[in-house]
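A short write-up of the structure that comes next.
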């Protein structure tokens, strides 16, 4: 590769043909041009090294502990229901069950709350093995259409869910919207039903800037293959929060999405009854469906990994402190002693 | 002296052999020697023949003369441009150095830019991405980096071209006075000048085109020309108008005639033409032509005819860039780039194959799975949507993977390297330690792609004259008639006003004072009429006459005092004329017909009857002068070898013997010697010569050969007058510099055209040779003798090797007292039999066993041959340094060529990669800048490989969780900006500003240079190591967020942002860990870049139509994000930090020790002066 930036001219950029000759002047002295800018030269002396490792250890172990305790304080109840919510007689024929619109898909689950859950209790559904990040899937949406009523025909990238067979644009178009998750949960406690708040489950930024309040669902879920939930055509997209949540595609094939919140404390050992409409087809690809009730802290949901990671690194640094202390004690070296220079170390034999 | 602009390219080497090495006299071949009546001259030797050599003398005669074939000639009718240009399409005088016009800019510039392989790769990827099936990135994002780079380069080219346009316009619109039909000179613009037109130029005006002189203000037709714009030489050269045209101009108004000359060519020292005027045909040579860009000095006006105009002028034909070499590091880098390409292909194949397997496994489920949705029902006919079977999908995925992982091959690295070299070149050029006060020459980087090679040099091949020595000749001593006058007990000339010349009421003094020998002065003044005085008289007369020096009288502040400045091309001649002047033989005036010499106060006029210029065949010059006493004498001076062959040994054997012994002792003092001889010509001799001359000079073909033969004929039977010894002073700091270079493990070889004795003595005086060295001398004239002595030398070397095991590693063991070091002295004659034969291998064996190699009497091509000997047989880097035209071949052959912008013109500089003013600058250049450049560039390349690979691996790990479909969580813009904006600037800045060791330490311990020679900063081991680091860091960067967010509501954009930010912070902190010297620039760029990345991510997430809208704000709002960044950065860098600490403390390399030494042992003085440094060097070492 020849030089792209200096191909044709010399450094001074002087005109190639000018006959005038410049007498070169002595370069002006400045610390900059002589490369002698004041500089700090940190050197990894034993003291600094041990100090750094000790600092990391001292910092990380408490952070790890705090994270762990935060994670521990989270109460999380997970209930996998995809297998159990298929009637016994339909085992082995899950696809027939789920694709048949006439079967009764209602399923009742009981959940024991292990510890008191402070309000708000987040309700998630968790899908497994569902590649919301699949290339075919991720691209299949039209952001313009979602935002502007006039652009509702911009469905080209939504294929094969862009238009109905008779050519009308589908709003919202694309595979993502088409595959909208449509299981529903109704919670009740022995005393009565529990209110689930489904407001504000989507990002405010999405509601205000990505989904218009003037765009209404049209021709949605009318095709030959039903992918998931249907939408109420009288509610604008900006208020279809389940859709908005669903359309913020998950990063990983195992993901949770917010279903709603229970805005009351759930006491320990309470038994909660959940009536599930098991509509969503995960049987075709063998995905699991789970219902998750969880409180939240700064660390999010229950996750020990961060705390463990901090403790591991902190612990490692602590052991490195010890290791280096031992090494420095047993193999000390005077820093900067010229006698360690390769040509001084073994004057008789050569070094290269 | 220092021309900043490369007007000339090194001339093409002729393949003609010429048998002689660099002559001890250095005449400039352009030296003129024409005079009107009787007009005779030898064609000055072609400089390109002068620098070539070969084994055989036999070829010489036949090829000597480039004949002017009639068919090839260009015919010019004087003052008749219409007729001249009628048939032949000669170029007009308008020049165009600009490359583009407004219309052609875009296509031509793009075409040129895409000559670079890197850009083609870029383009291919971008084109792939435009195919709808493969569209991984949006159109904008995929084209952004390429467009950015193309745009920046185009902008730079456009600016440069604009400047060229401007200067072209300026140049083309200057005015010149041309002759019109009515005999008047009228102003005309340069660009309208045509071949064949006659024009007038006044003193100090620049010539608009190459012209043949027709007349000058001087009645004899002499003009003095300054060629500084052409070759950088400041001394005046003389040019002549032919007598035949002199009388016709300009009073008569018109002139008719026809010039037949060569086609335009690049040879600025050659011109071959003849002029037909008044039915007479006269020949024209280089002395009759003045080239575009020159200026007349000391000449009121000159009139000439345009022979070459515009782009056909010699200066334009010679203007092209510096030679292009590729650095060692870049060559190695290409090897690693290949490995990376293989890695890229492996990664892509893995993804493609996994995708295929996934498709096969999930085949039955594809139709119903929501996220795949195989079938398209929307058109009524059910068909597959965007799916062409497993094989095709695998193929498409493979190509898409290439697009996604494209930055595995760090394209931006090539641009970064250019910028870094530009920055390094800036600092090298601005280094005040590389500025030569005496010649006012700055350091220049002419080649911008081999900066880092300066840090890996193992062999330095140095010219002697002008490189190790100053090429400022000083007359030291003489032997006259067998008496040695070398006591040097005289007084400085300047104190003794007795030798100034009285002209009217003015006092003229030679400019340069010379030491005189008092005995000799006394002898000349009061010697009476002894034989001895007579010979001495003739000796100095020979010195004063036998030359081509032009005396110029300069004004001084005192109107009564004038200075005589002797202008000439050969410094030896200048020294001799000054010496003659000091002894009372003051050359006062020289015209083409006579010489006026003030001989011991008495003004005498000598007729210059004939002059045979110096040429490298004869290695001597001679003049025929008619003395005031009506005798005709031939004075000859030349190299001893050539002179002794024409001296009549029968005349004075004792004097010859004594002179030879004196010559020997002069040589061993390191003096350059010239032998002077004379011959009294009888009338018959002279007549015979004159008729031979007339015959020769009118010959159309083979004129040069005839003249040369004729000169040789009269230069015979010469009696010896004596010999002179001229000191060629060592440059400042040379011994110390050589010592430093040797300490640094660099072997210095000296290649000189001088005699063996001179070479050896210079070797001693510059500490190259020492008394404890064993010298192997090879100087033989037969192949068998060479073979034998080589065999002996090999045996000796291996014997010594057996005694001292360190011989092999002489580089590092120079200082060790146990070693017996060897020095090889070999001469050009032997090299004729050795180079390019089977003996070469043996020479190589001997040479590498020796610490010092001195080659004397070598010709330019042999110099290149010796460089090639090392270059072809080892991997070691070679550097050639020289100042003269004879060094050009060697400079071009070596890996790094350095030109000294000194006394000998600028040909070497033009051919070089770097130019500077003094040999001693080699030490700071190699030891300091070379070391820095190498360390920085080596690190930068590795770092770029590492940082791009790390990012690619992060992308790759994610692909494993997207059903192998190459979705990227990182936004397309971020993945494109990653190598351009997020990570590029800090490495560039660090590679320009970081210094592993201070200048002071590097100069104090030259052996630290070994790090570059041993390739410690860039090798395959380090490459593998940094790839391992990139894998580890990518794992950390990917998997810590992965596990933290595994069962969460995290969306793709948010996680992508986290990975982007984490990766950028990790790689920049990795760089920060390796920075040695933190100055504000580095601080600003490293932290600034992290900040800029964050801003970029935030901005990208504020654009509503991008999928990541507002994601970063959501993520940043949680404490988790910050906790995550901290742990990711630390966990990713712990292994690097631990290995670094461990390595630095327990296995420190020399650089590490040096760094500690600097910090704890008082390396705090920031501004060392290199001169002081160098003087203290030797003391520090022992």
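First residue shown is number 1, and so on along the chain.
Here the Cβ of each residue, glycine as well, is placed from N, Cα and C on the backbone.
TrEMBL has this to say about the protein:
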type	residues	note
ACT_SITE	B:463	active site, 4-aspartylphosphate intermediate
BINDING	B:463, B:465, B:883, B:887	Mg(2+) binding site
DOMAIN	B:76-140	domain 'P-type ATPase N-terminal'
REGION	B:1-57	region 'Disordered'
TRANSMEM	B:338-361	transmembrane segment
TRANSMEM	B:387-415	transmembrane segment
TRANSMEM	B:945-964	transmembrane segment
TRANSMEM	B:976-993	transmembrane segment
TRANSMEM	B:1022-1044	transmembrane segment
TRANSMEM	B:1056-1073	transmembrane segment
TRANSMEM	B:1085-1106	transmembrane segment
TRANSMEM	B:1112-1138	transmembrane segment
>> Cβ pairs under 8 Å only, please: of the recorded stretches B:338-361, B:976-993, B:1112-1138, which one is richest in them relative to the transmembrane segment (B:1056-1073)?
In response: B:1112-1138
>> Using a 10 Å radius around its CB, how many other CB atoms surround residue B:883 (Mg(2+) binding site)?
In response: 30
> Which residues, given as numbers and ranges, are at least 6 beyond the ends of the transmembrane segment (B:1112-1138) yet have a Cβ under 8 Å from it?
Replying inline: 1029, 1032-1033, 1036-1037, 1040-1041, 1044, 1054, 1057-1058, 1061-1062, 1065-1066, 1069-1070, 1073, 1097-1098, 1101
> Between the recorded positions B:463, B:887, whose Cβ has more other Cβ atoms within 10 Å than any of the rest?
Replying inline: B:887
> Counting only residues 6+ away from its ends, which parts of the chain sit with a Cβ under 8 Å from the transmembrane segment (B:387-415)?
Replying inline: 116, 118, 121-122, 125, 128-129, 133-134, 136-137, 142, 145, 149, 333, 337, 340-341, 343-344, 347-349, 351-353, 355-356, 359-360, 374, 940-941, 944-945, 948-949, 951-952, 955-956, 959, 964-966, 968, 975, 978-980, 984
> Which listed stretch (B:338-361, B:945-964, B:976-993, B:1085-1106) has the most C-beta pairs under 8 A with the transmembrane segment (B:1022-1044)?
Replying inline: B:945-964
> Which three-state DSSP class does residue B:463 (active site, 4-aspartylphosphate intermediate) fall into?
Replying inline: strand
> For the transmembrane segment (B:945-964), which partner among B:338-361, B:976-993, B:1085-1106 gives the most CB pairs under 8 Å?
Replying inline: B:338-361
> Any residues 6+ beyond the ends of the transmembrane segment (B:1085-1106) with a Cβ under 8 Å from its own?
Replying inline: 971, 973-974, 977, 981-983, 985-986, 989-990, 1053, 1057, 1060-1061, 1064-1065, 1068, 1071-1072, 1075, 1112-1113
> Reduced to three states, what secondary structure does DSSP give residue B:887 (Mg(2+) binding site)?
Replying inline: helix
>> Can you tell me how many other Cβ atoms are located within 10 Å of the Cβ belonging to residue B:465 (Mg(2+) binding site)?
In response: 28
>> Give me the CA-CA distance between the residue listed as 'active site, 4-aspartylphosphate intermediate' and residue B:883 (Mg(2+) binding site), in Å, as a whole number.
In response: 7
> Which value does the mean pLDDT take for the domain 'P-type ATPase N-terminal' (B:76-140) in this predicted structure?
Replying inline: 80
> With DSSP, how much of the domain 'P-type ATPase N-terminal' (B:76-140) is helix, how much strand and how much coil, in residues?
Replying inline: 35 helix, 2 strand, 28 coil
